[in-house]
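Notes follow once the structure below has been shown.
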Amino acid sequence: MPLARLRAALPAAALSLLLLTGCTATDDGVTPESAADTSASVSTMPTTPTPSVDAAETSRAAASSLAASSSAAQSSRAAASSSIEAAQSRAARAAEESRTAEGSRSAEPAAPAAPADVEGDVVTVESISDGDTLRVTLGEVSTRVRLLNIDTPETRHPSKPVECMGPEATAALKSMISPGDTVVLRYDRRLYDRYDRLLAGVYADGVLVNAEMARLGYGEPAVFDGNDRFLPEVEAAWEQARANGVGRFSGDCGAAAEPIPEAAPAPAPEAAPAAGDAGPVRGADSVCPDSHPVKANDNSGIYHVPGQQHYGKTNARNCYASAAAAQADGYRAAQR
């Protein structure tokens, strides 16, 4: 029963009990009739709740609201905790997957890297063709490479026999680089020659192989279509070979050359050939005979006449009596 009703009913219940038992308060002069009147007056009293009852009801309502708010807050905290735990679990899984992927990558073989401070293409050597030509893998493509600014004796020319020191030059290049080695290619202005070979300076362990071939006396300085980037280093190395008397300066042609047809008797001396004579003849040490002053480079396909910029640096392997004779053999004039 609500507290307000209980309080309101207590006086009436007590009076009813007194009437039933016949007890009266004679000291106060109260008779049963007056008691009945009192009961009647009590029963007619208004039963409106007192202010204290309203406060209690308000307190209980506030407590109920607080409990509901507390329950909602607990539910919110539980949801937030669950969300945080899920995020932590996802982060842990992601970190584990990242570590696994990193371990897998670290187990893969590393790609070849260029030596420090050397720009260029990193390639893998496939084979050695002769003293100045090799084949490499460049970007997964098999590519022929011609060493710039040197010219070594021939061993594989389609129209020439094996030349003196040719096999030695090939062996020297093979001693520096081998199939499977990683080398670096660096370039000059023009990238390809008329044989579609890539023109390059070849670096093995940071050393310019072109210059080392000259230092051994096998790579004579040469210029191809104005490409002279490595020429100073090659020329300096060539002079060392000259001073040391090695390679082509040794005076010993011990190469196992192909059989050469028996030489015919030496012809009688004759006058200098006319301008239209075919040639070519071979000079010595980059100097052509006076009768055949035009130098033709069979690697670049260019001929040089006295007075041009690179005339003195061009080898004297093919000397012609005239520019017309060089042109007749398929060479073209140098630009400068």
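In case you wondered, yes, glycine gets a Cβ from its N, Cα and C as well.
No curator has checked TrEMBL annotations; they are predicted automatically.
Worth saying up front: this structure is predicted, and the values here are computed from it rather than measured.
Range 261-303 is the one annotated as region 'Disordered', of 218-260, 261-303 (source: TrEMBL). On the 0 to 100 pLDDT scale, the domain 'TNase-like' (119-251) averages 95 in the predicted structure. The DSSP breakdown of the domain 'TNase-like' (119-251) into helical (H, G, I), extended (E, B) and coil residues amounts to 35 helix, 44 strand, 54 coil.
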